[in-house]
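Visitor: Once you've had a glance at the structure underneath, I'll fire off some questions.
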Amino acid sequence: MAQCVQTTTILEQKEEKTVTLLVPQAGKRKFEIVYFNIITFAYWHIAGLYGLYLCFTSTKWATVLFSFFLFVVAEVGVTAGSHRLWSHKTYKAKLPLQILLMVMNSLAFQNTVIDWVRDHRLHHKYSDTDADPHNASRGFFYSHVGWLLVRKHPDVKKRGKEIDISDIYNNPVLRFQKKYAIPFIGAVCFVLPTLIPVYGWGETWTNAWHVAMLRYIMNLNVTFLVNSAAHIYGKRPYDKKILPSQNIAVSIATFGEGFHNYHHVFPWDYRAAELGNNSLNFPTKFIDFFAWIGWAYDLKTVSKEMIKQRSKRTGDGTNLWGLEDVDTPEDLKNTKGE
């Protein structure tokens, strides 16, 4: 496979220099409601739920299958693109793959990649504190969607200005998306998914639009689950002192982003999980494929020994879905990494 994995020595040095996260906290604050956002999110979800109803009553099967395909494409655009490539730089991508991922990410419409990366790097640096945009210490609803319905916490504004995203601003592909955000993202996320069923196989405008909205809110909410459910429910086999958890349900919904305790301990691993090539981690397979054809390279991983030592030192003792799980077959434990 055409990939260059970072050496264990470098990774171990990075591990030793990792700054301990602040203790999860949520100080008292007065929420300033953004009514425009509430109305917008309410419409999206009402329209999406109506789209779900139409799927069972009048929508053509071609439209349903097309929307599911777009759901998968958009989700990979977020996980393999804005998350693993641009936020954490877990691998490098040549221009064709960057363009492809930018378009796929636009289909998800979760702000521009530049804004997404800024918020996500802030989230990792100040995870589950008042400087975290979607602080899970404030509960499920706030970390899931509530943070988007109110003004940003002062600490988020202050710390956000200190986050280095110069590498992202210097990327011409992402600058294009930022400059033409409204027409470009609007066309990719809403217009084309509506027009294609109408002109492609004679779907009604009502069905096409509302099923497109259903696909959109599904993409939103499965991503939101990483911020909420995967920070509240689950085991913590790698670091028991942080909120991010291993949540299998979230992994299924997001195609592999629910191994969140691992990800917060080893954010530079392109697999975002210890067992990165299992069936729940489609973005890893996506990246591996493009590494095979030469569009992705310098894939970074973590050594098994490093994972084992960190788990023993700071984990909660569960170590589910890991090589130290007592139920893991011996032949898997003895398998050598790539």
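Every residue gets a Cβ built from N, Cα and C, even glycine.
As the structure is a computational prediction, the values presented were derived from the model and not from experiment.
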Visitor: Suppose you had to name the range Swiss-Prot annotates as motif 'Histidine box-3'; which of 5-9, 135-139, 260-264 would you pick?
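Guide: Of 5-9, 135-139, 260-264, Swiss-Prot gives motif 'Histidine box-3' for 260-264.
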Visitor: On average, what pLDDT score does this prediction assign to the motif 'Histidine box-3' (260-264)?
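Guide: Residues in the motif 'Histidine box-3' (260-264) carry a mean pLDDT of 93 in this prediction.
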Visitor: DSSP says what for the motif 'Histidine box-1' (83-88): how many helix, strand, coil residues?
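Guide: So the counts come to 5 helix, 0 strand, 1 coil.
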